[in-house]
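J.: My structure is below; once you've seen it, I'll send some questions.
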Amino acid sequence: MNRRLPLLPRLLPLPPRDHAVVAKVPQPISSKPHLQVEAPIDASIIKTGFNPNTYRSNFHINTLLQRGDLLHARKLFDEMPHKNTISSNMMIMGYIKSGDLVSARSLFDSMVEHSVVSWTMLISGYAQNNRFREALRLFADMCRHGTAPDHITFATLLSGFSEFDSVNEVSQLHAHVIKSGYDLAIMVCNSLLDSYCKIRHLGLACHLFKHMPNKDSVTFNALLTGYSKEGLNREAINLFFEMQDLGFRPTDFTFAAVLCAGIQLDDIEFGQQVHSFVVKTNFVWNVFVANALLDFYSKHDCVAEVRKLFCEMPELDCISYNVLITCYAWNGRLEESLDLFRELQLTRFDRRKFPFATLLSIAANALNLEMGRQIHSQAIVTAADSEILVGNSLVDMYAKCDRFDEANRIFATLTHKSSVPWTALISGYVQKGLHEESLKQFIEMHRTNISADSSTYASILKASANLASLSLGKQLHSHITRSGCISNVFSGSALLDMYAKCGSIKDALQMFQEMPVRNSVSWNALISAYAQNGDGDLSLRSFEQMVDSGLEPNSVSFLNILFACSHCGLVEEGFRYFKSMSEKYKLVPKREHYASMVDMLCRNGRFEEAEKLMVQMPFEPDEIIWTSILNSCRIHKNQELAKKAAEQLFNMKVIRDAAPYVSMSNIYAAAGEWENAGKVMKAMRDRGVKKVPAYSWVEIKHKIHVFSANDKSHPQMTEIMRKLDELEEQMEKEGYKPDSSCALHDVDEEVKVESLKYHSERIAIAFALISTPKGSPILVMKNLRACTDCHTAIKIISKIVDRDITVRDSSRFHHFRDGLCSCRDYW
């Protein structure tokens, strides 16, 4: 038994020896003076000034706090006659662990004396709860009160950085670290390095890394993770190799970061090599590393490998289930995904950590509101809805399911509004075509000092592209440059796409050439840019250049190249690429690839081949395919197949828009079958499907002007009509004859011809002509497909006014110059 000190009777049992200090204690004089022993003494009792009552109370408080019994711990604390700093610090830490920062701060403020430990604990509480600004203010108060921070304080505070615009604060702390003499402390330097990476200032991170006198595995892991998050995957992998060459042993974080880089490189072989290394270094038993491997294989759609590894893992956690559930879902195996979630519910894992966010994401992408609400209910029952990830996913799910009232209500209750939920709202509005609303949200986000990230910019740039607002796009370009996100490959690709959709292919190409890093995303954006602007040859050439650069095309690459072939009439080339998908690149064509092939054949009037391909498809034709066929039937006047396509569409339980009804009605109207046309429109109204009104818009002096057919509301309408009359007179001299079949109304011929003159795109062009200098190019946007008569008319107008006129309708760009159009033909 341990000997007790004579002066301190009835002490509580001592803790383990590693929490004690050893002291040589003189024993009382006795008949056996040689009995002198080393008795271990608890360090805490020394700090209490050998007060047994305070020591005993502290011990009891600590026991209660470990059980999570804050109420009784606080009662005992309040009853203590002699408290000390240890007593207060224990209670403060108890409150922090429970998430009650208000009580922790209140107790802290009541303390007579604050130690560096007291300050550091409270700073840690704020930092860990994403309240970095308050943690920083607390640090400043600490310095003002004359308490010198130690290396733990600096490391703790730096761990709280996550904002993109915090470079000034990190730099100031860096200076303070140097001033305090901790710039040689590897723990502090690692925290600084990690902070620079978190705030997306890799230049400063690399500079610090280069000049650090001492490095360890944590140092390499921090920079490796920073590279990976920024999409600098080659740099991350090279750093991994350098780490091995220098003899640093990889850790679980090393493998997680390097596997993340491998995912973004889309290099399955590299991941397999890392897997072998993981086995060799015996990290395969580490659940964190095994989960990273699961994630790697799942992102490469290796479902069998994911399931095999999952079954072989000696330890599983919620993340393991989360990865496999997600893998099944993204590969269309929804039932297996939900079955696995039910299996997870039977485990003893913390229900708050169930993959609610993943399942909500599945519901969001599937637009399955019912499933989303069921998951929401379970999250409420387990109190998981208060988790940041779950809250963000709820906002995303409701926004994507077009329930913006609920999305905004949940958004308002979020305790921490980072860029993620803001981006979810913005993205939801963009996906539903509410571009002006998305811009309002972006402005409000900026006003609340929440920094946008690459995902935010990608979404808001899409809104700018869909509005064809080049001036707005250029403002966003400047904003992205100032934010430091310009080097991010996703931001760069989004900018490229924006310029292309605004008709500025020159700016799009320059954006691509200035990208410091290019991956499949940036190449796909370039291929798509050329395809949308009607340059099939450059689309195909860019595809081949991407392959020559060492990048393998993915399913999106082929979708873009098939779009180019379809819209540029490159049928044989389209067949060649479609065949190479499976034969050369081992990619399984998805529904959208077959839809592109059917569209390509139908656009070229090759209906028999299209029907043959549809029979060979591994799934039934959907609304998109039948709508595509119907549109082509209208152009090629194939009324028989059009009726078949319309019948298939009208028999579907859910039909998303009025386009098929309108197309079929137009086919009947063009054939003079007005009674049938009327029946189709009546069926549309009976099903509650509403026709989207056609409108066009043009941006003049940073303001967007919107016009609809026969619209007389514009304040300059008198001048616009005068210009249209003038153009009509000149067009007749050039041989223009109106195509009255495009006026799909059962009215007199004269009325039909007159109505063609006031189609929305012509009004927009006339307004642009009277509002811009001679010779300047004109870009007009239209939400629906332009009619063939307008296409013919605009070709002649471009010759008359000697201007480049670009019209982007729902199909593609049409570039007009000198009476010609860049389109191979008009569809």
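Just so you know, glycine gets a Cβ as well, placed from its N, Cα and C.
Annotations for this protein, taken from TrEMBL, read as follows:
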type	residues	note
REPEAT	84-114	repeat 'PPR'
REPEAT	115-149	repeat 'PPR'
REPEAT	216-250	repeat 'PPR'
REPEAT	317-351	repeat 'PPR'
REPEAT	418-452	repeat 'PPR'
REPEAT	488-518	repeat 'PPR'
REPEAT	519-553	repeat 'PPR'
REPEAT	590-620	repeat 'PPR'
REPEAT	657-691	repeat 'PPR'
DOMAIN	735-827	domain 'DYW'
J.: For the repeat 'PPR' (590-620), find every same-chain residue at least 6 residues outside the stretch whose CB is under 8 Å from a CB in it, and list them.
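T.: Long-range Cβ neighbours of the repeat 'PPR' (590-620): 555, 558-559, 562-563, 565-567, 569, 571, 574-575, 578, 581, 628-629, 631-633, 635-636, 638, 641, 827.
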J.: When you scan the chain for residues with a C-beta under 8 Å from the repeat 'PPR' (418-452), skipping those not six or more beyond its ends, what do you find?
T.: 130, 162-165, 388, 391-392, 395-396, 398-400, 402, 404, 407-408, 411, 459-460, 462-463, 466-467, 472, 479, 483, 485
J.: Is the repeat 'PPR' (84-114) packed against any residues at least 6 beyond its ends, judged by a Cβ distance under 8 Å, and which are they?
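T.: For the repeat 'PPR' (84-114), the sequence-distant neighbours (Cβ-Cβ under 8 Å, at least 6 residues beyond its ends) are 44, 47-49, 54, 57-58, 61-62, 65, 68, 70, 73-74, 77, 121-122, 124-126, 128-129, 131, 142, 145, 147.
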J.: Do any residues of this chain, six or more beyond the ends of the repeat 'PPR' (488-518), have a C-beta under 8 angstroms from a C-beta of it, and if so which?
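T.: That would be 200, 230-232, 234, 454-455, 457-458, 461-462, 464-466, 468-470, 473, 476-477, 480, 524-526, 528-530, 532-533, 535, 549, 777, 779, 806, 808, 813, 815.
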J.: Please list the DSSP helix, strand and coil residue counts for the repeat 'PPR' (590-620).
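T.: Once the DSSP states are binned, the repeat 'PPR' (590-620) shows 23 helix, 0 strand, 8 coil.
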